[in-house]
Amino acid sequence: MLPTEPAAVNNGFTALLKNRGFILLWIGQLISQLADKVFFVLMIALLKLYLPINQINGDSRFYLYMAFTVPAILFGSAGGVIVDRVPKKLIMVGSDLVRGIFMVLIPFLPREFAILLFFTFAISTVTQFFAPAEQASIPLLVRKEALMAANALFSSTMMAALIIGNAVATPMLNWFESFNKGFGKELVVGCLYLLSAVIMMPIQFREHRHIDKTAPAINPWAEFLLGLRYLKQNRLVWNAMLQIVTLYCVFAALIELAIGMAARLHLAPEEFSSFVAAAGVGMVIGAAILGNFGHRLHHKPLPLFGFLIMAFSLGLFIFIDNQPVALGLCIFLGVGAAFVNVPMQTLIQQQTPSEMHGKVFGFQNHAINIALTAPLLITTKLVNALGLSAVLLGMSLVVGAIGVWTWQNTRRVLQDVT
């Protein structure tokens, strides 16, 4: 069930393809996300140029990983504050240009590990401004009744960028390096960011800004508290965000659980990625279903169905000792994840006033970044202490309970607004 208007016209992917501004945004963010995925692979690959072979170890990779992830935790909400004060097109195009220029500069600077850490941190920091601006831009380009299809398309391409980016990053970087020894790898990632900026430049947003010259300067902490206060007062948006954060917690934990599943099925450790990729394929399938038929399903409890599908899949993993069946379950789990993510993201966009979009999406981005980090640490310790089966059962029960609880909490409000 979603607070969306019944559509009198086709609100699926076909209708969106006629929206030039939305298509430019979609293509631009797809290229930008692909660059993000290749970027971290490149930073790891560059370690051999910045450190002696005997110093490339777990510690150096850890510092690089921290430089990549810490900005997401520190500046996720701050990015949203800026989005509410600065034109979204300027933020997206500007962040792409800055990241592209930084990438092109890297090979011309001294090969010092500190410089690599600095650019990793800087580029990751700039990325925190792109994400909330992108989410806040969708309602400016798409009619309210077409938001479900728009979010389905963004969700599916996000997973596609994740899968394709991780799969093609190394071959693509090596191929470009063969043409231009020395800085071919950095150049291709930089060009992806710059291409994304060029594609989004023609977009025309219908932003209505009330400029108050007497307004105080930006106070990030006060703006953050304002957004948090809004979320606490709006139970519907708060619960929708809680469901999305729970979903990302499950996907983060799935990475660690997939390693255990690979060991149980006597697969090579690196083959765990096939399970994560299968879940991504499931999300693409689920998003495609919602993109084409979401306007017919808006009165159904899609998030509840999604959580129950995920809980059922996690519980069944306990009894699976066959790789094809396990991959099929991962796809099924991904479909359930799409049934949670797409409707809830649509609900947040519909129910949040435009002047609060940046703060809300910035807070959401912040929470998701934490949700993608913390479970990785916790799940490993739980699996070591309790075993894979016990953790799968526990997660299944928790995910199912959260789905039922959040649905019971929001059902009456949803009925009031539909």
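Sequential numbering from 1, following the chain as shown.
Placed from the backbone N, Cα and C atoms, the Cβ positions cover glycine too.
Listed features, source TrEMBL:
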{"type": "TRANSMEM", "residues": "23-50", "note": "transmembrane segment"}
{"type": "TRANSMEM", "residues": "62-83", "note": "transmembrane segment"}
{"type": "TRANSMEM", "residues": "115-134", "note": "transmembrane segment"}
{"type": "TRANSMEM", "residues": "146-167", "note": "transmembrane segment"}
{"type": "TRANSMEM", "residues": "187-205", "note": "transmembrane segment"}
{"type": "DOMAIN", "residues": "235-418", "note": "domain 'Major facilitator superfamily (MFS) profile'"}
{"type": "TRANSMEM", "residues": "236-260", "note": "transmembrane segment"}
{"type": "TRANSMEM", "residues": "272-290", "note": "transmembrane segment"}
{"type": "TRANSMEM", "residues": "302-320", "note": "transmembrane segment"}
{"type": "TRANSMEM", "residues": "326-348", "note": "transmembrane segment"}
{"type": "TRANSMEM", "residues": "385-407", "note": "transmembrane segment"}
| task | Counting only CB pairs under 8 A, let me know which of 23-50, 187-205, 302-320, 326-348 has the most with the transmembrane segment (236-260). | result | 326-348
| message | If you count every Cβ pair below 8 Å, which range out of 23-50, 187-205, 302-320, 326-348, 385-407 shares the most with the transmembrane segment (115-134)? | response | 23-50
| Intrachain neighbours beyond the transmembrane segment (302-320), with Cβ under 8 angstroms and 6 or more residues off its ends | 1-2, 243, 247, 250, 257, 261, 286, 290, 326, 329-330, 332-333, 335-344, 389, 392-393, 395-397, 399-400, 402-404, 406-407
| remark: Per the Cβ under 8 Å criterion, with at least 6 residues separating them from its ends, the transmembrane segment (187-205) contacts 21, 24-25, 27-29, 31-32, 34-35, 38-39, 42, 87-89, 92-94, 96-97, 99-104, 107, 137, 140-141, 172-173, 176, 180
| said: If you average per-residue pLDDT over the domain 'Major facilitator superfamily (MFS) profile' (235-418), what number do you get? | reply: 83
